[in-house]
Amino acid sequence: MLDLLAYPFVQRALAAAFLVSIACGVMGALVVVNRMTFLAGGVAHAGYGGVGLAFFAGWPVLPTAAGFSVLAALAAGLLSRRRDERMDVTVGLLWAGGMAFGVLLLDLTEGYNVDLMSYLFGSILTVGPDTLSTMALLVALLVGLVGLFYRPLLALSLDREFAHTRGLPVGALHLLLLGLIALAVMTAVPAIGLVLVIALLTTPAHLAERHAGSLAGMMVLASLWAFAFCLIGLGLAFWLDLTSGAAIIAVAVASVAVAELLPRRKRIARPETG
Amino acid sequence: MSPPALQFEDVCFAYNGAPVLEGVSFSLPAGALLGVLGPNGAGKTTLARLAMGRLTPTSGRVLVAGRDPRKAAGRIGYVPQFMTLTQGFPVKVVDLVALGALPAGLAGWLKGGDAAGRRRRALEALEAVELADLADRPVAELSGGQRQRVLIARALVGDPELLILDEPTANIDPAGKSCIVDLLDGLAERRTVVLISHDLTVTVPHITAVAAVNRRVLFRPEPRLDQEMLELIYGLHRHDCPMDSFIHHLVERQPTLGRRHGDSAGA
């Protein structure tokens, strides 16, 4: 088994899994506590528009798709604010509109010869050095921004009215959160694809919140869970010749199913005193 | 002479063109405890959000200690109706309260600074609401009344000059409600308090001034509800509703119910 580690593509796959786990663990915690799963799905699918744009314009795929997703997420945030916070409608537009935009641009791109399935469902075993470098840069940016804005993002996640009374720019922080979600989603696309990324954002965080004592702890635990899912999924994909992204997500979903069957930690509400 | 703690000058506010508040004018001196009464949907929370600078008036202006409320960050404390916490959100009671001790403004939050000092102040605030023994508990484990007191502690730890409580007893059981009501007197000792409630039995015993809200606002600088206010709040005239006798009873009893009635002349 250790022989496998000598292969460069396996080394890159493990490094990609590590980076994706950090991105999905950190941002997954924020997605779950902010109830933004649907939004994250919309941002992920909008990323397909970025993929189409990259092929149409001949630009590098991951940076283009990441930039496109961030702009789409920010546009959704601004639009929902103008539309009296109808975020669900805006996300629906983002979701389908981004996909349609990507398909149309690819239709208009002459002679493209790409395995689009790898963007939809990921291909962690074929992540190249350039893609890995871009992923590392995105994760560094993501972790740096979350670290810097951790307390404001925590306040935003807990109570926006409170954040406002403490002089925090709630609107700008909301947009920052959307942009960070887009960055995390696009970091994960090469490994598990934009269709499946939502599961790696939510399942590790869902499991982590049961045992975490803080949001930061939830981020760390979720990252560890995500890395475990990636390793097991990768192993299954390698030995059983399965699609790697789907195998990783299958492991994640199965883990949640098992966890749901286990007894939860008992929570005792103390009686009201005085 | 110090400016009023809270001032509304002919304020109107509309959501998507539909008027919510019209022609609101009042001036609340520092140290007052204003009871804001009105039925559900009357515009009470909108009034609070205007006072916090969370909403911008369609016309008119709001001032907190003489300045735009959006520039009064840190001077205003807010206790919402209930904690909007996602189920399972991993945060301890003391950590939640300590957030209120961070200096107002983004720069202070990014810097962080004295974490031990913030924890100490948070513990003191929890002591004030009699929850110090639950400091290291996850917030998710608390009852509704305990959560409400945690929110009060979080607002108090920032030592705000103006404290706005929006229906603080609306979603808790009678025991928790009693505890919150007991806290109200102490809250007003060092600050101006705006207590929003649709529940007359919570508000009446504590206020030094009253505002009746139902799109319009009738303000009285004393703890007295008059017939005009009751008609604004409930849209009723005497003898045409089963609640009438209850309301009438409260009106008749007000001079004895207002604890600070005697020293409310300046309010």
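Heads up, the Cβ atoms here are built off N, Cα and C, so glycines get one too.
Positions annotated as transmembrane segment by TrEMBL: A:12-33, A:53-77, A:89-106, A:135-153, A:173-203, A:215-239, A:245-262.
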Quiz item: Which residues, given as numbers and ranges, are at least 6 beyond the ends of the transmembrane segment (A:89-106) yet have a Cβ under 8 Å from it?
Solution: 38-39, 41-43, 45-53, 55-56, 72-73, 75-76, 79-80, 83, 112, 116
Self-check item: Close approaches to the transmembrane segment (A:135-153) from elsewhere in its chain (Cβ under 8 angstroms; 6 or more beyond its ends)
Solution: 15-16, 19-20, 22-23, 26-27, 30, 62, 66, 127, 163, 168, 173, 176-177, 180, 183-184, 186-187, 190, 215-216, 219
Quiz item: Are there residues at least 6 beyond the ends of the transmembrane segment (A:53-77) whose Cβ is under 8 Å from a Cβ of it, and what are they?
Solution: 39, 42-44, 46-47, 87, 90-91, 93-94, 98, 101-102, 105-106, 108-109, 112, 114, 119, 130-131, 134-135, 138, 174-175, 178-179, 181-183, 185-187, 189-190
